[in-house]
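For reference, TrEMBL has these:
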type     : residues            : note
BINDING  : A:264, A:268, A:294 : Zn(2+) binding site
ACT_SITE : A:265               : active site, proton donor/acceptor
């Protein structure tokens with residue numbers, strides 16, 4: 001028994017040191033996206049590679065392996081501790097499949113691809129990115145082989161982001177939901193369109209920044225355990241639950257982008273700030289999965305942040321920042337405007353319906369890249385063809401087409417589907433929250449989201465990664481993931497907005 | 001031969017990876033001083049400890065030891081490569097003396113002491129810092145034993161900052177120079193004092209920031225390979241020669257502090273930006289020593305930045321930023337004002353003469369702490385007594401007394417003397433530069449310091465750490481360090497300013 005406790009403490013300390021190295025890498029990446037001077041990129045790249053190599057060595061060390069082996073056979077651990085050990089063992093076994101040289105190779109390739117992507121965006125030319133992307137893709141195929149899979153090679157990569165996800169399952173989900181979304185979209189586009197010209201007015205940068213900083217605090221984002229900065233692409237990142245940072249982008253001509261991407265990143269950050277600090281470095285201190293992470297950002301961005309009730313309180317506040325732009329806009333006009341549905345080019349700016357076509361196109365494309373039925377060089381053609389087919393829009397150039405997302409340049413293939421799953425979970429969790437707490441909706445109408453956050457902290461955040469997404473979903477909402485909750489949410493919402 | 005090349009490349013790569021980890025730690029520290037949210041400090045502390053432990057493991061690895069051993073006996077290395085290997089071997093042997101547990105203990109103690117120092121400053125009470133400082137001091141004594149020394153235990157720590165420095169040597173230097181400085185100071189204080197009321201006016205923060213950003217570029221600090229931010233205490237830090245950052249502090253009531261501390265940090269940063277990138281991780285890519293580093297900051301701050309010629313060009317420029325504050329100030333009034341000599345409380349704000357008494361007090365104090373003739377608890381009393389004795393001033397409180405410097409909270413004992421050495425080297429280098437380049441002084445009068453920087457790049461920066469301070473000094477100025485050059489510089493300067 002006392003030996004078990006000692007071993008468990010050693011395991012905790014090993015994992016905490018591994019977290020130190022990984023979070024250090026995250027600090028370097030945050031700096032890279034916010035404050036790094038132009039010439040600093042070259043050496044920063046190798047510094048990140050070295051850190052990821054060290055992290056890999058630590059995550060696959062004989063010492064950790066021996067500790068996990070011993071702990072798995074030990075009595076005297078609580079169920080949560082057993083689960084930590086078991087999940088770490090799974091991670092350990094997976095990490096063992098990566099040779100150290102491959103880890104460095106991958107890190108270097110990602111660094112190259114990221115900079116090529118930046119250059120390609122500047123040049124508005126996918127061709128500038130193609131070679132480095134293809135090199136990275138070959139490594140990702142190799143990674144799929146190293147990890148092993150049954151069925152489609154893409155399954156191996158999907159599992160990196162969503163444990164248990166398969167091509168078969170996601171195909172089935174999209175097959176079930178896309179026609180219904182298409183149907184809803186068609187009914188909406190046949191109705192008179194809503195006015196949102198007020199969102200296209202000029203909103204001065206400094207006022208947007210002030211408004212954003214005020215808003216994040218209203219949402220109970222703790223600025224003593226985080227901060228907001230400017231980056232080209234908004235993101236959130238965590239170095240521990242006491243230091244969870246968000247970034248935003250401020251465009252005078254695009255007020256909506258700043259506001260809802262800020263609420264989105266706050267959603268991610270509230271999750272990280274709510275993870276148990278005593279689980280630092282352990283599965284119990286980590287987010288459940290990418291889809292559950294996304295459920296938190298989308299719940300705050302959409303279910304709360306695009307709800308009529310929320311703006312009942314916050315529109316008058318917003319008008320104090322922008323009296324000239326919004327003085328004559330009433331609640332329903334505002335609510336309709338911020339929920340306008342319209343097929344468009346950019347995923348991150350898409351409405352709640354068309355968003356999932358953006359995801360589906362990327363998912364299909366990645367699947368085909370992985371099994372070799374699509375060549376890297378053919379990405380732009382595939383992309384443009386499917387935007388026409390699914391959304392009926394013509395992609396004018398690569399920057400607003402297949403160069404718009406950072407993901408591939410980071411080597412993140414298999415990530416996109418979690419965005420759609422996140423929306424489905426968000427709707428289901430929000431529904432469960434309002435079912436369980438009769439007063440919640442009227443609290444939100446008064447600008448008070450504290451109890452909603454407390455509920456999420458208890459139901460979603462507190463258990464870290466000790467359950468799978470599906471297990472957590474069942475615990476939180478008493479049933480498995482059911483996309484019809486999401487569809488029902490959309491139906492109700494757009495019935496009001498478009499008078500369907 | 002080909003084996004030697006291969007070994008050397010392996011050695012280079014090992015050292016580059018070690019540099020990656022050390023510079024990563026520097027990024028974390030930069031972040032800690034600039035942007036870290038309050039609650040983030042706790043885990044940041046352990047992240048830094050883990051990194052320093054990893055760096056220590058790498059710096060003492062068997063693999064590196066074997067490489068160095070083999071390379072030392074190899075033919076086929078250039079003299080510079082041989083020197084790299086030899087210096088790395090010395091570092092390696094020294095690092096071997098630190099047990100890994102001690103490294104972590106020290107890092108933890110520093111983290112604790114740093115936060116205690118911050119708290120003590122807030123409380124304006126040395127007592128709040130005493131316990132953690134004493135614990136750190138005990139570890140530094142232990143470090144001196146681990147490193148070994150002949151004579152005074154302080155010698156071991158002095159050597160960390162200045163190779164070859166000893167209590168005997170520094171005692172001798174101070175004994176030679178302090179009486180002459182005292183004599184100069186007495187002659188100055190017997191003269192009518194210069195007016196500097198214009199420096200005490202209000203200088204708006206945003207204008208100071210703009211002026212500072214403009215000035216650093218005039219001095220050829222490359223903002224594509226660096227950046228400036230705000231921190232409580234100005235510092236410069238480097239993550240590689242392409243990413244060298246400075247910070248400043250802006251106080252509306254203290255324009256002089258911002259301007260000359262900025263020039264000071266730029267001096268450090270120009271040195272780091274001038275180090276050879278191909279020496280990344282090797283002695284040939286590192287700064288020579290702390291005193292030579294300080295020579296660069298002081299040369300720019302004082303020999304250039306407090307010279308009449310420099311302001312002949314820059315005062316009219318400065319007046320454009322601050323017409324109300326400086327419109328009626330002529331060059332000589334300005335020049336006299338910015339060089340006012342007056343015993344004062346804060347080292348970093350001291351003039352070029354009294355500065356060295358600040359250093360001497362700290363040096364004497366550290367010496368006695370190290371040999372046990374002074375107790376940690378007695379620091380404030382010792383401090384206050386000697387400020388009275390040397391500078392004739394009464395220290396009103398700990399914040400403006402023995403809590404003013406961050407150094408001890410970082411465990412930096414033995415650092416202060418390099419500040420005085422830096423001034424001496426600066427005078428000697430600047431003298432050599434003007435001797436070698438007839439046009440330099442008139443170029444500076446035209447605001448052009450590019451050739452001075454080129455000369456420093458070639459003579460001082462290019463050789464990295466391949467020479468000792470003394471060797472470098474002899475190469476640059478054709479003679480060993482000679483503090484009479486510094487004294488002569490002061491005499492000439494203050495004869496004009498005070499009409500001695």
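If you go along the chain as it appears here, the first residue is 1 and each next one adds 1.
Using N, Cα and C of the backbone, Cβ positions are placed for all residues, glycine too.
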Cβ density check for residue A:268 (Zn(2+) binding site), other Cβ within 10 Å (all protein chains) comes to 24
Counting only residues outside A:264, A:268, A:294 in the same chain, those with C-beta within 8 angstroms of the Zn(2+) site's C-beta centroid are A:236, A:265, A:267, A:293, A:296, A:297, A:298, A:300, A:301, A:422
Mapped onto three states, the DSSP assignment of residue A:294 (Zn(2+) binding site) reads helix
Going by C-beta under 8 A and a gap of 6 or more residues, the same-chain neighbours of residue A:264 (Zn(2+) binding site) are A:234, A:297, A:298, A:300, A:301, A:305
Note: in the chain of residue A:294 (Zn(2+) binding site), residues six or more apart in sequence with C-beta under 8 angstroms of its C-beta are A:418, A:419, A:421, A:422, A:423, A:425, A:426
